[in-house]
Amino acid sequence: MKLRFTKMHGAGNDFIVIDATREPVELPPERWQALADRHYGIGADQILIVGKPNDPANDFSYRIVNSDGSEVEHCGNGARAFMHFVTAKGLTTKRRVSVEIMPGLITLEMDAAGAVTAGMGVPVLDAARVPFDAAGLVSRREGELDRWPLDLGAGRTAEIGVVSMGNPHAVLRVDDVDTAPVTTDGPVVENHPRFPRRTNVGFVQVVDEHHIRLRVWERGAGETLACGTGACGAVVAAILAGWVKSPVRIAARGGELSVAWAGPGSVAYLGGPTAIVFEGEVEI
Ligand SMILES: N[C@H](CCC[C@H](N)C(=O)O)C(=O)O
């Protein structure tokens, strides 16, 4: 059976996008993993599945599969690419759509110039709901941010903030993202037993009060060139800690994102570029 797909990216975070609005597309994790493989498959960080909403009051549903085949709750760059996709494919003529994701509902808005802003939901700050197991730990409070000591083994400890955007994020502050231990400490934190659902790991360098540099080791995908929910998690933690003020520009390796957040209880808004790279079809 042939499966049509569209290859896209948002600031270098790349996706296989599938239109499942006419008929559902169900594959086992290992098949998704094979499609995302950069040598034996199409290659992507995530696969985005565009579907009909469960509640007719909403416009679409949205499923996300990481390149390791794990289905996850949210993908911010993917949400922005989603809006570009449904508009370009004529699946909607609306400029603002509501989209069902695993944890709830997000809103996507495209302006007259085609730029997409994603209303990413209200960040969850309660460690237990990230989920992060803080049993036996004493946090150091910085501003309104709890910074937790995380044992990395070999006598090393990292200090992390934890935020959920529907998906879990650990946030570490570093002096220089270019020399940060992303590929060594990233997988250790991703798979740490105190994160029962694993976690994404953001390494933040503060440039000034409206500008950070960010590298993200993503759960189920490794380091990506940009991470939308990671940008939200990093900015939320940095605002709570008093390091930055909203809005914040995020310099990722693959491009520039923006996040605006008015503080606890409010929705975080993510902006940034999206592109369609090519169309194709693949035997599944
Ligand atoms: N790796 C993430 C999903 C993709 C997030 C990222 N690509 C984004 O733009 O938010 C997770 O397992 O939660």
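Here the Cβ of each residue, glycine as well, is placed from N, Cα and C on the backbone.
Shown in sequence order, His9, Gly10, Ala11, Asn13, Phe15, Ala226, Cys227, Gly228, Leu257, Leu270, Gly272, Thr274 are the residues of the chain, 6+ apart in sequence, with a C-beta less than 8 angstroms from the C-beta of Asn77 (substrate binding site). Residues or ranges marked as substrate binding site in TrEMBL: Asn13, Gln46, Asn66, Gly76, Asn77, Asn167, Asn200, Glu218, Arg219, Gly228, Thr229.
Of all Cβ atoms in the shown protein chains, 32 besides its own fall within 10 Å of the Cβ of Cys75 (active site). Positions annotated as active site by TrEMBL: Cys75.
As annotated by TrEMBL, active site, proton donor applies to Cys75.
Sequence annotations record features per position, and here TrEMBL assigns active site, proton acceptor to Cys227. Counted within 10 Å of its Cβ, the other Cβ atoms near Cys227 (active site, proton acceptor) come to 34, all protein chains included.
The CA atom of Cys75 (active site) is located 6 Å away from the CA atom of Thr229 (substrate binding site). Apart from Asn13, Gln46, Asn66, Gly76, Asn77, Asn167, Asn200, Glu218, Arg219, Gly228, Thr229, the residues listed for substrate, the same chain places the Cβ atoms of Asp45, Ile64, Val72, His74, Cys75, Gly78, Val216, Ala221, Thr224, Cys227, Gly230 within 8 Å of the centroid of those Cβ atoms. Cβ-based neighbour count (10 Å, all protein chains) for Asn66 (substrate binding site) stands at 23.
A coil conformation is recorded for Cys227 (active site, proton acceptor) in the three-state DSSP classification, outside any helix or strand.
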